[in-house]
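Read through the structure below, which is laid out as structure tokens, and then see the notes.
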């Protein structure tokens, strides 16, 4: 009897991508369009940023810019890109220094340290700009160091053009009418959006940003609670000309929607997934979208947010529980 072909991955990097799509069923009352979620929480390290962690490191290696065991990698991040880099740095043997605003969840810090990354916290009042500046300072005094620069690095949207976009197109059987994606670096909406519009120019692209920091809508940067989107500046990798519309969602609505996704859909997701879902539901209620298919990208898994406002009430409740005799 012939041996069955082995499907064992050679290492953890081969597990990235090919995440599933699932319809939302119980949070879509009043919607005239169908809403499906692209579950990036099913990546090996539970976020969409696993894709760019891999693509940015591979790209720099292929260009001869970094070498495992020799180069020191540095990156400013709101957390998930740091984790996406950290598990690959661990698998390949890189030293990694992460600069992150102190306002990001405790889970992020713990996971980064578990992968052996060094962590430098920056002033939360200065947002991502403060983390970027700190990374530059560290690079200046660290020999053989390299900043991957997710906000400027073309390898970021490129991986979404090559993988995320085609996966959504195939997964929807070419039936997608609109893509909804929160904008952090803008890599997902730019790369996947460009691919999808090449397949069908009528596909609409919706970016999502916090109402409290609505830069893309001409507003001012400000503090908000939607970790991972709304960096407070327009990233270099974002192609704003691709966007058909930018939807603003408040931190409160994002948090409430994320809670509902757990309670009604069985999907434990992060706050930015709540923002994407809230925007997608809003779009799906517009009469002109009757019968259409809207795909929302859910960037990360809820377990990474247990220490945040998202789970504050249930956490308090569980901490105060006593056993029954």
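A Cβ is built for glycine as well, from the same backbone N, Cα and C atoms used for every other residue.
Annotated features, as they stand in Swiss-Prot:
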| type | residues | note |
| --- | --- | --- |
| MOD_RES | 49 | N6-(pyridoxal phosphate)lysine |
| BINDING | 80, 184, 185, 186, 187, 188, 272 | pyridoxal 5'-phosphate binding site |
Long-range Cβ environment of residue 80 (pyridoxal 5'-phosphate binding site), under 8 Å and at least 6 residues apart: 47, 48, 49, 108, 228, 299, 300, 304
80, 184, 185, 186, 187, 188, 272 excluded, remaining Cβ within 8 Å of their centroid (pyridoxal 5'-phosphate): 48, 49, 150, 181, 182, 183, 189, 228, 229, 299
Where residue 185 (pyridoxal 5'-phosphate binding site) sits in the secondary structure, as DSSP reduces it to three classes: coil
Sparsest-packed among the binding-site residues, when each Cβ's other Cβ atoms within 10 Å are tallied, from 185, 188, 272: 185
Binding-site residues compared (184, 186, 187) - highest count of Cβ atoms within 10 Å: 187
Other CB atoms, at most 10 A from the CB of the residue listed as 'N6-(pyridoxal phosphate)lysine': 30
For pyridoxal 5'-phosphate, whose listed binding residues are 80, 184, 185, 186, 187, 188, 272, the greatest C-alpha pairwise distance in Å: 15
